[in-house]
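K.L.:
The following block contains the structure, expressed as structure tokens.
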Amino acid sequence: MAEKLHISVLCGGQSTEHEISIQSAKNIVNTLDAAKYLISVIFIVHVGRWYLIDQPEMFLAHSPDHLVKEGSARPITIAFGDAAKPWQSLNGDGRRYSADCVFPMVHGTQGEDGALQGLLELLNLPYVGANVQSSAVCMEKDLTKTVLRAGGIPVVDWHTLSPRDATEGVYQRLLDRWGTSELFVKAVSLGSSVATLPVKTETEFTKAVKEVFRYDDRLMVEPRIRGREIECAVLGNGAPKASLPGEIIPHHDYYSYDAKYLDPNGATTTTSVDLSESVTKQIQQIAIDAFKMVHCSGMARVDFFVTPNNKVLVNEINTIPGFTNISMYPKMWEASGLPCPNLLDQLIELAIDRHQEQQKLIRRYEVKARSL
């Protein structure tokens with residue numbers, strides 16, 4: 001029998017998506033095949049301390065904060081120099097813990113923006129999902145759109161503002177530019193619709209700008225697209241494949257954080273999408289093209305708008321899509337014939353394959369210094 005792989009699932013973090021990260025991690029831990037994997041959880045509390053939970057059943061039964069308080073979660077630090085045992089106890093014994101592959105499920109700031117990926121690269125650990133560069137590009141929504149537009153990928157138009165930019169007259173200029181008073185003001189580098197606000201008047205615009213700047217130092221303004229919200233899951237490294245699309249049908253004014261996670265009736269999600277074959281294929285191809293354009297690997301969810309005249313527009317790329325029991329990424333693959341346990345197997349395989357390919361690259365270039 002093959003030796004079990006040690007998988008460390010990372011969750012929590014210091015972003016506004018902390019709680020969603022925990023929900024996603026619980027679903028992953030519950031779904032991973034215990035016959036194949038030894039599973040541990042690395043929980044990052046709000047203030048940034050790291051804890052190891054090496055009994056997955058306790059993680060599933062209790063909140064990780066509860067395990068920290070009662071002492072079941074061990075405080076750890078990062079141990080460089082031995083990639084096979086990257087986690088070191090802070091309890092005084094200095095014990096080190098194994099990881100063959102890390103499954104990051106830390107959404108948002110410091111989880112999806114390349115910071116965590118950079119740490120895992122320094123530890124020389126295989127990890128699931130996009131690398132440092134791709135994570136950073138996709139976290140910055142204006143940068144994502146700049147890259148995609150340069151590559152010919154259709155995107156929703158946008159305008160970026162920083163706190164230094166004068167906002168007087170901006171609303172009217174954008175109204176003239178897009179021909180609509182209905183706009184969205186959103187943080188450049190947050191997800192889950194945190195700090196995303198619809199506006200219809202200049203007063204609402206000014207108020208929304210002030211609110212969003214409480215969360216981010218840059219914001220984007222976009223015209224509101226009255227169309228269908230379609231998503232497509234992408235899986236792979238060099239030769240990615242796309243799932244059947246899914247659709248979000250919000251029951252609120254828009255697909256807000258509350259509609260996503262707090263209101264059980266906030267939206268209907270479906271993988272039975274009424275789209276023509278040609279539009280479906282177009283969405284799948286654009287999703288793959290966008291994935292490649294930003295050099296993603298492992299997984300990503302590409303979010304679209306489809307207008308009433310079937311114009312397909314990319315809204316954003318999510319490199320650590322949710323894995324809760326209602327999340328669309330695993331549901332779209334399930335509908336495409338890939339059950340979640342097999343999906344997780346493939347993601348771990350892809351992470352290890354990429355790491356092995358990276359290890360083949362020459363990292364040292366030795367030359368003899370010319371004598372003077």
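The backbone N, Cα and C atoms fix where each Cβ goes, and this holds for glycine too.
Take a look at what Swiss-Prot says about it:
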type	residues	note
BINDING	176-231	ATP binding site
BINDING	Asp303, Glu316	Mg(2+) 1 binding site
BINDING	Glu316, Asn318	Mg(2+) 2 binding site
DOMAIN	145-349	domain 'ATP-grasp'
K.L.:
Near Leu190 (ATP binding site), which residues of its chain come within a Cβ-Cβ distance under 8 Å, counting only those 6 or more away in sequence?
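P.N.:
Set apart from Leu190 (ATP binding site) by at least 6 residues yet with Cβ under 8 Å, we have Ser15, Thr16, Glu17, Gly108, Thr109, Thr196, Tyr215, Asp216.
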K.L.:
What is the number of other Cβ atoms found within 10 Å of the Cβ of Leu183 (ATP binding site)?
P.N.:
23
K.L.:
If you run the three-state DSSP split on Asp176 (ATP binding site), which class comes out?
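P.N.:
The three-state answer is helix.
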K.L.:
So, three-state DSSP: helix, strand or coil for Leu197 (ATP binding site)?
P.N.:
strand
K.L.:
When a 10 Å sphere is centred on the Cβ of Glu211 (ATP binding site), how many other Cβ atoms does it contain?
P.N.:
14
K.L.:
Kindly state the mean pLDDT of the domain 'ATP-grasp' (145-349) in the predicted structure.
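P.N.:
Mean pLDDT, the domain 'ATP-grasp' (145-349): 92.
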K.L.:
Can you figure out which of Asp303, Glu316, Asn318 (the binding-site residues) comes closest in space to Arg218 (ATP binding site), comparing Cα atoms?
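P.N.:
The answer is Glu316.
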K.L.:
By a simple count, how many Cβ atoms lie within 10 Å of the Cβ of Asp303 (Mg(2+) 1 binding site), its own Cβ left out?
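P.N.:
That number is 20.
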K.L.:
If you measure Leu197 (ATP binding site) to Glu316 (Mg(2+) 1 binding site) at Cα, how many Å is it?
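P.N.:
With distance taken Cα to Cα, Glu316 (Mg(2+) 1 binding site) is 16 Å from Leu197 (ATP binding site).
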K.L.:
Work out the three-state DSSP category of Glu204 (ATP binding site).
P.N.:
helix
K.L.:
Please report the distance from the Cα of Asp176 (ATP binding site) to the Cα of Glu316 (Mg(2+) 1 binding site), rounded to the nearest angstrom.
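P.N.:
Given the Cα positions, Asp176 (ATP binding site) is 24 Å from Glu316 (Mg(2+) 1 binding site).
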K.L.:
Hey, does DSSP put Asn318 (Mg(2+) 2 binding site) in a helix, a strand, or just coil?
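P.N.:
Looking at the DSSP assignment, Asn318 (Mg(2+) 2 binding site) belongs to a strand.
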K.L.:
What is the number of other Cβ atoms found within 10 Å of the Cβ of Leu197 (ATP binding site)?
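P.N.:
Within a 10 Å radius of the Cβ of Leu197 (ATP binding site) lie 20 other Cβ atoms.
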K.L.:
Could you list the residues of the same chain, at least six apart in sequence, whose Cβ is under 8 A from the Cβ of Glu316 (Mg(2+) 1 binding site)?
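P.N.:
Sequence-distant Cβ neighbours: Cys138, Lys141, Thr144, Val302, Asp303.
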K.L.:
Highest Cβ count within 10 Å among the binding-site residues Asp176, Glu204: which residue is it?
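P.N.:
It comes out as Glu204.
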